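Below is one structure, written out as structure tokens; the observations come after it.
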């Protein structure tokens, strides 16, 4: 009875949390009035936090995630595993009591790595750990045997272009942060091919390594020959750099069975809590369901997808119904360049004026430190007030750069966007590697992440007005 009374009070607080004043259809509210409206959500926010972090549903997102990734495993674009996961999630969301659960068809790339190996033949025999990069071609039958040229940058490759023809280029670039260093993974094959190389091997884009290669997407360029490309461990890249500096001749035999097949059908997975007053207006909450084909895809991006599901579950379990529709989208084929999100945008952009906020969790679900946000100054000021509701968790900061692969389409068109900001210290230890498993995940940290995500999504969806764009 006490819990029912508490939920009744939560309902009253939600419904009576503010009243807009309009003149000629244009809001005349002061920021002070908006601030007071948001402050009235304090008890609702505490109810969400208590349920997610301390209450009946603590650890639920972790347990749900573990069941999926232990059952299905990794979920590469075009794979049977991904489609199995999508069907499981479709059933899960229906069983959870969410509304308008449906699948939206998407055409996605289908690439498979096949068998792959690399062996150093000179100056000594050494079997190397490699992971072919997404969309890479395979080697010819029997593989490639070639001498190695080690470079530390694209500039060095250009300076030594006369030495590169017929060689395997090994990039031993220093790690200077993911955003800067990832260019070698994405463009390494193209730049090597331009100077006549027969293959490229790139030091894994990782902040720490225990002899672990890390995969990811790479992109060919029209008019440039396609050559096989893979990532190698930090340890092997650095070793070959040392060997080269001593004047050693390095020879590698590389075999890659990678193949690209015709595009295939997949689906974005959608579920909602329909808005009570403005059902056509939307706060979108998202993560991607696909992963690479190594590890379990728990970190990237199982955690983000499942705290996004949990956000809607928590709102539903408290009996809350926001004024606007809360829409969950689990993207497909994010790792291939946001394919599912791109097609979703094309399908729904006619309603762009109805999107108040687009949210994406795709940077891990370690302990949150705040929210990254992109939007107008007025919208940022409002988001700072919303984040103040999370003082019980000490997660109140609003950072810049709310962009994410799957929501950038909307942000570039002027829709406010937010990404979860958390402690990334360990993220790139495991990112796109065999180490991306449930062992990396922490249920208590996921609880906090889910609470943050749910509070932000619900409050923005329930406020009297959409977030301002200018």
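Cβ coordinates come from backbone N, Cα and C, glycine included.
According to Swiss-Prot, the feature active site, nucleophile maps to 334, an assignment based on similarity to another entry. Summarising the annotation, Swiss-Prot assigns Zn(2+) 1 binding site to 288, 300, 362. Swiss-Prot lists 300, 335, 432 with the feature Zn(2+) 2 binding site, giving similarity to another entry as the kind of evidence. Taken from Swiss-Prot, the feature N-linked glycosylation site applies to 59, 351, 394. The signal peptide annotation in Swiss-Prot covers 1-18, and the record cites sequence analysis as its basis.
Looking at residue 335 (Zn(2+) 2 binding site) and residue 288 (Zn(2+) 1 binding site), their Cα atoms lie 9 Å from each other. Excluding 288, 300, 362 themselves, the residues of that chain whose CB lies within 8 A of the CB mean position for the Zn(2+) 1 site are, in sequence, 287, 291, 301, 304, 305, 334, 335, 361, 405. Counting other Cβ atoms within 10 Å of each Cβ, the recorded positions 300, 334, 362 show the lowest value at 362. The residue listed as 'active site, nucleophile' and residue 288 (Zn(2+) 1 binding site) have their C-alpha atoms 6 Å apart, to the nearest angstrom. Proximity to residue 300 (Zn(2+) 1 binding site), judged by a C-alpha distance within 10 Å, picks out 432 from the recorded positions 59, 351, 394, 432. In the three-state DSSP assignment, the secondary structure recorded for residue 351 (N-linked glycosylation site) is helix. Reduced to three states, the DSSP call for residue 362 (Zn(2+) 1 binding site) is coil. Rounded to a whole number, the distance between the Cα atoms of residue 59 (N-linked glycosylation site) and residue 288 (Zn(2+) 1 binding site) is 20 Å.
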